[in-house]
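Notes to accompany the following structure.
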Amino acid sequence: MTDQPETFRRRIFSRSSWPEWQRVSELLRTETVGGALLLVAALAALVWANSPWSAGYDQVSDFVVGPHSLHLDLSISAWAADGLLAIFFFVVGVELKREFVVGDLRDPAKAALPIAAAVGGMIVPAVIFVGVNLVAGHTENLGGWAIPVATDIAFALAVLAVIATHLPSALRIFLLTLAVVDDLLAIIVIAVFYTTQLSFGPLAGALVTIAVFGLAVQRGVRTPFLLLPLAVVAWALMHASGVHATVAGVLLGFTIPVLGRHACADRMEHRLRPLSAGFAVPVFAFFAAGVTVGGLSGFASALSHPVTYGVIAGLVLGKPIGVFLTTYVLARFTNASLDEDLAWRDVLGLALLAGIGFTVSLLIGELAFENSPIAHDDAKIAVLTGSVLAGLLAAVVLLSRNAVYRRIHEAETVDADDDGVPDIYQPRQDQ
């Protein structure tokens, strides 16, 4: 009788369904390539911005193109942040819709943990950043509180795919689910806290256009000659409203049907994810990561600024503490429990991995410090440095855990009698 309550305890990081794991496996392959391209683009931007030819980088980044009459005469870097990232957020919107309709987030009991972990992983780094800048007496920097709250799924999954050859699949699924919730919360933060001027006319027009787009796809319309112009008009109106234009991408993604006769979420995601991960996000990274460091002395000077060490502390300390502590508290004080095949060190490695912030963190940095170039550059340096440190710490922890699971796997696949069946699945001769 004493063991009975344990059967009702929900396992944290329990095994997902086979179709869900197949989908995640395909997603891992795409995001791994995207993460590699993201890294290459960021490194290329850093090298160019700190080379004798850095003026060329600035000229390309600041080159203005677009129709002035429509107030779309934007710099190349602004087109990358406002335009190309809308593709990324459209894919995020489709992924969110799918998770809430047929994925792990459709079950409130399963969704509670990643949602709570994501919230904890956003609150703690924000509190650390605010605390650091308050103590330093730089209240003018408080607008950057949201910079360290985001997790870059492409980078995180790329690191996990490289080092985690034998880690339990449930860890990867949990990271993906947490990152999806993280993206949703980051989108809400951008829409609510980084909208400076709101024009209700264009906003209403954008929402009506999105509704027409949604009605079309719900009715089975698939022709890009209709859907693409509607999406562009919705994006332009959202941009004119003062709300960040990428929010239009998310809302358009939410309208894509997941179930039913006209379901096309999987098909659209399959077609657009390579464009997002392979082009849109790397191009954004190229124009967002190019910051003139000024050598070791310049780097050391940047590290002395509260924006820099506030963001780094938020990513390297705040993110892991928030994710790990929330998960532990739920396991300790609710009916949730850690899966018997996992150790808390696995969760620690995952929590450290969540500290890799890049795409959304850089975007929030641009929005928070668009009128403060020095603070903006400090934020860029901090995001890059903090993400690298978090990735390295996660790699150390997860590599050690991967070695443990590799030894377990090797022991479980021993076939001493060469009969094609591992010995662990055969009865012992002395029984």
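Just so it is clear, glycine is given a Cβ too, placed from its N, Cα and C backbone atoms.
Note that the coordinates shown come from a computational prediction; the quantities given were computed from them, not determined experimentally.
Per Swiss-Prot, the features are as follows:
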TRANSMEM  33-53  transmembrane segment
TRANSMEM  74-94  transmembrane segment
TRANSMEM  112-132  transmembrane segment
TRANSMEM  144-164  transmembrane segment
TRANSMEM  173-193  transmembrane segment
TRANSMEM  197-217  transmembrane segment
TRANSMEM  225-245  transmembrane segment
TRANSMEM  279-299  transmembrane segment
TRANSMEM  311-331  transmembrane segment
TRANSMEM  347-367  transmembrane segment
TRANSMEM  379-399  transmembrane segment
With the transmembrane segment (173-193) as the reference, find which of 33-53, 74-94, 144-164, 225-245, 347-367 contributes the most Cβ pairs under 8 Å. 144-164
Pairs of Cβ atoms less than 8 Å apart decide it: which stretch in 112-132, 144-164, 311-331, 347-367 has the most with the transmembrane segment (74-94)? 347-367
Recorded stretch that, among 33-53, 144-164, 225-245, has the most CB pairs under 8 Å to the transmembrane segment (279-299): 33-53
Look at every Cβ pair spanning the transmembrane segment (311-331) and the transmembrane segment (112-132), keep those 6 or more apart in sequence, and say whether at least 3 of them are under 8 Å. yes
Checking 33-53, 112-132, 144-164, 225-245 against the transmembrane segment (347-367) for Cβ pairs under 8 Å, the most are found for 144-164
With a cut-off of 8 Å between Cβ atoms, can you find at least three pairs linking the transmembrane segment (33-53) to the transmembrane segment (225-245)? Only pairs 6 or more residues apart in sequence count. no
